[in-house]
Amino acid sequence: MAENGKNCDQRRVAMNKEQHNGNFTDPSSVNEKKRREREERQNIVLWRQPLITLQYFSLEILVILKEWTSKLWHRQSIVVSFLLLLAVLIATYYVEGAHQQYVQRIEKQFLLYAYWIGLGILSSVGLGTGLHTFLLYLGPHIASVTLAAYECNSVNFPEPPYPDQIICPDEGGTEGTISLWSIISKVRIEACMWGIGTAIGELPPYFMARAARLSGAEPDDEEYQEFEEMLEHAESAQDFASRAKLAVQKLVQKVGFFGILACASIPNPLFDLAGITCGHFLVPFWTFFGATLIGKAIIKMHIQKIFVIITFSKHIVEQMVAFIGAVPGIGPSLQKPFQEYLEAQRQKLHHKSEMGTPQGENWLSWMFEKLVVVMVCYFILSIINSMAQSYAKRIQQRLNSEEKTK
């Protein structure tokens, strides 16, 4: 694998010897110019240059739409086939008949799968910055199912309203019948679909590094440039972060499939480096994606599921609430909102939300809702900034090419 793409390295060396006005370009001046351009782009953010950022964001959208329109125009047969298939599906969906029961069942499953796969992609695709959808969506869903399972002594929640809302079935099980495996089985589809989405979201770094290696070009991607610098200074790396990155790179490069599987299975912030490494050393696509899919959708998801289920099991939650109440001085005041929140959840599970005391908004749920709103807004802002910086990069590349032709 290490020898893969040897010709690509030679081609890159040749391309680095660019000639400008009859003289070879000084590598240090080229690197300095790239650094200045990168700093200029990093300053194009909404809180520093709002008008320019919004202008570049709009222009980048227009450029992307133009590129996709051109691509679709050159693939008219595929577009026509897709439109015909879409017309058949729409007709099947709206025409009355005995098939509607199957259509509704397929629609329900499709929307469920698409929802969780989409959240998984958003979590790792890195559009500006990843949206932490496990903490915001999947983790709370698993926690809610866990708390409900112990309260209802069953996981056979009525559908509908499950999964949108969880209520106890009319006939619950006996105390102590809920097992760890039954809860794992209940949330398996949601967790696996989310894991598949995260695996799909890891593909951009792989394709970027692979395309750069095959073409010999050097993409202006910070993570990829950091990866190349790390390879150049591998022997002099001293700090822990650099050694950890080198360990991941060597594991993936030498072990291959099982190295990628190990990196994907263990929650770690360095997996993007594994994708870049696989692309750079031209690891076959199915070797990379297969190991990533198995690691993230099966092994890692079961680790995360078990952790959340154990953390939110009935006796652990009761112990945590009791521990909060034991804090000297402020314990009882901190314990009260947790107790109110848990009691409100129990009432909802047993159809008692409209009965008894008026339902005031608990500050825990209020804070979590606001946290979700803030993180989603930050995610949207990061996308706007990232796309605006992409357009600024287009301008810089055009100016550089004009300078070379003079």
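A Cβ is built for glycine as well, from the same backbone N, Cα and C atoms used for every other residue.
Swiss-Prot lists 1-20 with the feature compositional bias 'Basic and acidic residues'. Annotated compositional bias 'Polar residues' per Swiss-Prot: 21-30, in sequence order. The N-acetylalanine annotation in Swiss-Prot covers ALA2. Here Swiss-Prot flags 1-36 as region 'Disordered'. Residues annotated as region 'VTT domain' in Swiss-Prot, with similarity to another entry given as evidence: 173-316. According to Swiss-Prot, the feature topological domain 'Cytoplasmic' maps to 2-43, 99-109, 327-363. The feature topological domain 'Extracellular' is assigned by Swiss-Prot to 65-77, 131-250, 295-305, 385-406. As annotated by Swiss-Prot, transmembrane segment applies to 44-64, 78-98, 110-130, 251-271, 274-294, 306-326, 364-384.
Between the transmembrane segment (364-384) and the transmembrane segment (78-98) there are fewer than 3 Cβ pairs closer than 8 Å, counting only residues 6 or more apart in sequence, so the two stretches are not in contact.
Among residues of the same chain six or more beyond the transmembrane segment (44-64), those with a C-beta under 8 A of the stretch's C-beta atoms are 381, 384-385, 387-392, 394. Along the topological domain 'Cytoplasmic' (2-43), the predicted structure has mean pLDDT 60.
DSSP labels the residues of the topological domain 'Extracellular' (385-406) in these numbers: 21 helix, 0 strand, 1 coil.
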